[in-house]
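Trainee: The feature FAD binding site is assigned by TrEMBL to Tyr242, Gln297, Leu298, Ile299, Trp300, Arg301, Glu302, Tyr303, Phe304, Asp396, Ala397, Asp398. Marked as domain 'Photolyase/cryptochrome alpha/beta' by TrEMBL: 3-133. Feature annotation from TrEMBL assigns site 'Electron transfer via tryptophanyl radical' to Trp328, Trp383, Trp406.
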Amino acid sequence: MLGGSVLWFRHGLRLHDNPSLQTALQDKSIPFFPIFIFDGETAGTKIVGYNRMRYLLEALNDLDTQFKKYGGKLHMIKGKPDVVFRRLWEEFGIRKICFEQDCEPIWRARDDSVRNVCREIGVSCCENVSHTLWDPETVINANGGIPPLTYQMFLHTVEIIGNPPRPVDDVDLKGVNFGTLTKSFYDEFTVFDKAPKPEDLGVFLENEDIRMIRWVGGETAALYQMQNRLAVEYETFLRGSYLPTHGNPDLLGPPISLSPALRFGCLSVRRFYWCVQDLFQQVNQGRLASTQFITGQLIWREYFYTMSVNNPNYAQMAGNPICLDIPWKEPENDELQRWKEGRTGFPFVDAAMRQLRTEGWLHHAVRNTVASFLTRGALWLSWEHGLAHFLKYLLDADWSVCAGNWMWVSSSAFEALLDSGECVCPVRLGRRLEPSGHYVRRYVPELARMPVDYIYDPWNAPLEVQERVGCVIGKDYPAPLVDHLAAAQRNRSAMQELRRILEKAPPHCCPSSEDEVRQFMWLGEESQVEIATA
């Protein structure tokens, strides 16, 4: 019985700002086993697309490479965590299992099963908070035992708590006694000597791999991307502004978002938060930043995590106390499939849905457009369909934040009672966000030669123009799936009727101001133009 400690990687796929790694290596003389377990919930969902799986495996490969520099390796095992840890105890007499907190309720059964085994065999279970800025339970306790029901209340609560902790120091891996698995372990479990490929785990490429943007997973890439992002933030702060892509998002340039790295924990949210805060103070000669502005998206992330903690039904309508039970209709014919595949006949929506499947990414403003179109904006289908699709394909989608966004945009929660009756028009919004039409041409090649005047509403192009550019609507590219004007009017009336029936708003979250709505939806100052139906 050699003893030893385990660092169980789940999210938090990094070495920097990793308090669980610090805890596991308090005694470097005992065997140390860094472990990742493929347990059927890979990347946070049972159904995972190729891009998400590849990003995860690249992150694991990056960890493995870093450990190998010091004579160790990342042990990648297929199995149930409680079974794997029991065998490690039987084989090596491990004394301590360390891991980063996964606060979402979907992980509770998994973590409880591990805690139960640890109690049974006398192994210490050490959980550390580092995937979120604040411990959600601390926020809830500070708010009187319930989650803050509005975003402004959340801001008020965390202001009372105080600033989130700064990142912990990096761990020196020199002299670490890395443990080695025995042959019996290889006989009993599937153990990968190097990071597998998606195909090894039954995940295959669905479309031809012709992406414009190639995301690379792993801590090394994430830290490099953060430096590039901070350079952009620095220039923005010098101009006296913030949120560089918020007012005029760049849909064609390389994305500067770090959300995939934050979702998988390749980048510490606390490292990024404090780098931005410190940079703002440096540029502004010590003046403190208004937190909710320069790091607003990180705060929304915290808010959604906190709202989900004690709500196991958070990602569905049934049994979800914060979600309105809106009577969405069932999908008719192939309309849901056409939305998923980017064949709605609305070029801005279709370009986005095709980008999602090929690259695993969408700009936040475009996400809101396709989500609104699926739900209250046009098709009147449940946000649950959209959530399932995003959880499969979107690199940065996690259970709580993604579900929170879908509820917000569909008017199901997090906004004043059915107050977003107006419907975002994909034609007008597309023209404002990307007037050149190159975004559509990039992802919808059928429309590559369509004149810019008709790129967002090609059905209005004269037939001779359609024939000249080789894209006849209804033949080479679909006609619109719905009459958007009629659908918007019908859905607006449905929302108004629901509002009349519901005399009293349920205790769900709502925006505190029009500015909050504009910021969340990325509508800018021209929102009235964009919500007007074409």
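Easy rule for this one: first residue shown is 1, then count along the chain.
From the backbone N, Cα and C atoms, a Cβ is placed for every residue, glycine too.
What's the neighbourhood like for these features in this structure?
Mentor: Other Cβ atoms within 10 Å of the Cβ of Trp300 (FAD binding site), summed over all protein chains shown, number 20.
Its Cβ taken as reference, Trp328 (site 'Electron transfer via tryptophanyl radical') is surrounded by 20 other Cβ atoms within 10 Å in the chains shown.
All protein chains shown were included, and the count of other CB atoms within 10 Å of the CB of Trp383 (site 'Electron transfer via tryptophanyl radical') stands at 28.
A simple way to gauge crowding: the CB of Trp406 (site 'Electron transfer via tryptophanyl radical') has 27 other CB atoms within 10 angstroms, across all the protein chains here.
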Trainee: These are the binding-site residues: Leu298, Ala397. Which one scores highest on other Cβ atoms within 10 Å?
Mentor: Ala397
Trainee: How many other Cβ atoms sit within 10 Å of the Cβ of Phe304 (FAD binding site)?
Mentor: 25
Trainee: Provide, as an integer number of angstrom, the distance between the C-alpha atoms of Phe304 (FAD binding site) and Trp328 (site 'Electron transfer via tryptophanyl radical').
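Mentor: Cα-Cα distance, Phe304 (FAD binding site) to Trp328 (site 'Electron transfer via tryptophanyl radical'): 23 Å.
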Trainee: In Å, rounded, how far does the Cα of Trp328 (site 'Electron transfer via tryptophanyl radical') sit from the Cα of Trp383 (site 'Electron transfer via tryptophanyl radical')?
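Mentor: Checking the Cα atoms of Trp328 (site 'Electron transfer via tryptophanyl radical') and Trp383 (site 'Electron transfer via tryptophanyl radical') gives a distance of 9 Å.
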Trainee: Which ones in the same chain are close to Glu302 (FAD binding site), with CB under 8 Å and 6+ residues apart in sequence?
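Mentor: The list for Glu302 (FAD binding site) reads Thr132, Leu133, Trp134, Pro136, Val139, Phe154, Val158, given in order along the sequence.
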Trainee: Pull the DSSP breakdown for the domain 'Photolyase/cryptochrome alpha/beta' (3-133) and write it out as helix, strand, coil residue counts.
Mentor: 57 helix, 26 strand, 48 coil
Trainee: At the level of the C-alpha atoms, what whole-angstrom distance separates Trp383 (site 'Electron transfer via tryptophanyl radical') and Ala397 (FAD binding site)?
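Mentor: If we compare the Cα positions of Trp383 (site 'Electron transfer via tryptophanyl radical') and Ala397 (FAD binding site), the gap is 14 Å.
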Trainee: Nearest to Trp406 (site 'Electron transfer via tryptophanyl radical') by Cα, among Leu298, Trp300, Ala397 (binding-site residues)?
Mentor: Ala397
